[in-house]
Amino acid sequence: MSSSLSAVRFPSLPLSSFTSSARSRTRVFSATSAVAPATAVEVDAERLEPRVEEQDGFFVLKQKFRQGINPQEKVKIEKEPMKLFVENGIEELAKISMEEIDKVKTTKDDIDVRLKWLGLFHRRKHHYGRFMMRLKLPNGVTTSEQTRYLASVIRKYGKDGCGDVTTRQNWQIRGVVLPDVPEILKGLAEVGLTSLQSGMDNVRNPVGNPLAGIDPQEIVDTRPYTNLLSHYITSNSQGNPTITNLPRKWNVCVVGSHDLYEHPHINDLAYMPAIKDGRFGFNLLVGGFFSPKRCAEAVPLDAWVAADDVIPLCKAVLEAFRDLGFRGNRQKTRMMWLIDELGIEGFRSEVEKRMPQQELERASSKDLVQKQWERRDLLGVHPQKQEGFSFVGIHIPVGRVQADDMDELARLADTYGSGELRLTVEQNIIIPNIDNSKLEALLKEPLLERFSPEPPILMKGLVACTGNQFCGQAIIETKARALKVTEEVERLVSVTKPVRMHWTGCPNTCGQVQVADIGFMGCMTRDENGKTCEGADVYLGGRIGSDSHLGNIYKKSVPCKDLVPLVVDILVNKFGAVLREREEEAED
């Protein structure tokens with residue numbers, strides 16, 4: 001087994017100022033697959049009546065709008081999920097055995113649904129009684145102290161405990177058992193972390209530039225904005241019940257790089273830096289999302305807000321979605337469906353009504369993101385804007401770490417940097433603020449033999465969701481298979497530039513296969529003998545950066561055992577790869 005595989009435990013398989021260069025270029029971000037009508041759609045006044053109302057500090061669906069709602073909405077109506085936190089219901093729930101919990105629908109729904117408002121996901125299908133816990137980590141910035149605490153949590157769970165870097169710059173930890181949850185929540189608070197409102201119909205982790213504040217070419221430091229967003233979303237980790245009853249999950253990012261590391265085109269709300277009348281602020285994109293039945297790129301809202309209005313704008317968009325969003329078929333409840341129904345101007349009008357002064361400026365033509373920009377590699381050693389300091393991006397194979405790995409990462413951050421780590425949406429980690437005099441010693445550290453700053457070229461862009469090792473919705477195993485297939489392909493072909501390959505275990509596409517050069521979405525299929533086996537739908541053509549767009553299906557229902565030759569063929573014919581045997585013949 002190679003070094004990249006040995007790092008992972010799996011089941012066996014059969015506000016800084018914008019740069020001068022940014023001022024000189026303008027860019028309007030567009031989405032080729034956008035379908036939202038450009039003008040306002042005729043909508044009855046009754047349709048614009050808010051569907052929720054405040055009751056005892058929580059927003060609940062009005063009685064008149066409860067016909068045809070989905071099962072998750074019914075669970076929310078039966079019992080307010082946030083009460084498990086704000087009224088400390090988790091303390092009592094944690095004292096009940098799983099056997100007793102399963103006897104009563106209310107408590108069974110608590111552990112399977114409502115605890116997601118606290119960031120806890122019961123793994124009923126594959127790991128009954130075990131939970132995944134998702135943290136909030138705005139901008140992907142964390143500390144050595146926080147990392148050590150998370151390591152201490154997962155260590156006690158042995159082989160069931162591990163951590164994953166997610167595609168939203170975040171940590172997920174696994175193996176948690178219910179009786180431990182109250183103490184874990186207290187421990188998180190003590191180190192400045194929270195898991196609150198990180199699942200179900202809530203706002204996900206705010207994403208920003210992973211190089212914020214250290215990038216010589218950044219447009220703006222995104223950390224103040226992502227921190228403000230996170231504080232607003234969770235009301236400083238105390239819970240914000242005004243936005244915890246959304247029709248569906250909701251993603252937000254703040255762009256600070258020309259590289260678009262933040263992936264704005266797949267967020268429900270993206271802040272794009274722009275100047276208007278000499279003022280710094282953001283143009284806005286809305287509606288980007290993935291789902292099993294539809295994927296859509298974000299579209300321009302034709303609106304600009306000053307930097308001081310980042311939170312009021314976010315609040316207005318969320319309240320428009322909360323008040324008017326559809327709550328029937330869960331496949332049609334993301335915000336873009338509302339934008340489609342109202343038209344972009346109609347949706348914009350609803351947002352404007354909810355702004356403090358009921359005003360919303362039109363978009364600026366002076367977008368600061370450069371259109372022609374070659375996306376830079378985050379892995380390896382790179383100079384910071386601070387003279388004499390560098391950051392080192394290290395590759396975490398498919399984002400999986402164990403407790404000892406997390407302790408070592410914390411030690412490296414303390415010994416060589418400033419005690420800080422940064423997570424990326426590619427499931428890798430950056431160690432910033434390293435004095436250049438310490439670089440040589442850092443690069444000799446044993447951990448970096450497994451978590452390499454210079455991994456094999458096809459490993460660089462490899463992303464994989466949790467897969468069916470832990471996730472009950474995943475159809476296939478992803479993480480170990482992604483590594484295995486990639487290593488086999490690397491033995492057969494030579495490539496000269498990175499090719500981003502993403503794996504997702506099911507159509508929910510947590511692995512974001514539609515933005516990959518080559519994507520693999522898990523499915524069940526049949527082999528040449530007609531026998532049912534694990535397979536994948538293969539996607540091609542996803543792009544990120546200045547010319548971003550979503551990929552399309554290339555070949556459906558490919559048995560997993562047949563993926564290596566297919567990927568080799570794709571790499572040779574579409575990405576200029578050379579078969580290694582031919583490469584050797586040429587050298588001879």
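Quick reminder: no glycine exception, Cβ is built from N, Cα and C everywhere.
The domain 'Nitrite/Sulfite reductase ferredoxin-like' annotation in TrEMBL covers 124-191, 382-446. For 200-358, 462-571, the entry in TrEMBL reads domain 'Nitrite/sulphite reductase 4Fe-4S'.
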Per DSSP, the domain 'Nitrite/Sulfite reductase ferredoxin-like' (124-191) contains 31 helix, 20 strand, 17 coil
Please count the residues of the domain 'Nitrite/sulphite reductase 4Fe-4S' (462-571) that DSSP assigns to helix (H, G, I), strand (E, B) and coil. 29 helix, 37 strand, 44 coil
Using DSSP, how many residues of the domain 'Nitrite/Sulfite reductase ferredoxin-like' (382-446) fall into helix, strand and coil, respectively? 25 helix, 21 strand, 19 coil
Can you work out the mean pLDDT of the predicted model over the domain 'Nitrite/sulphite reductase 4Fe-4S' (462-571)? 87
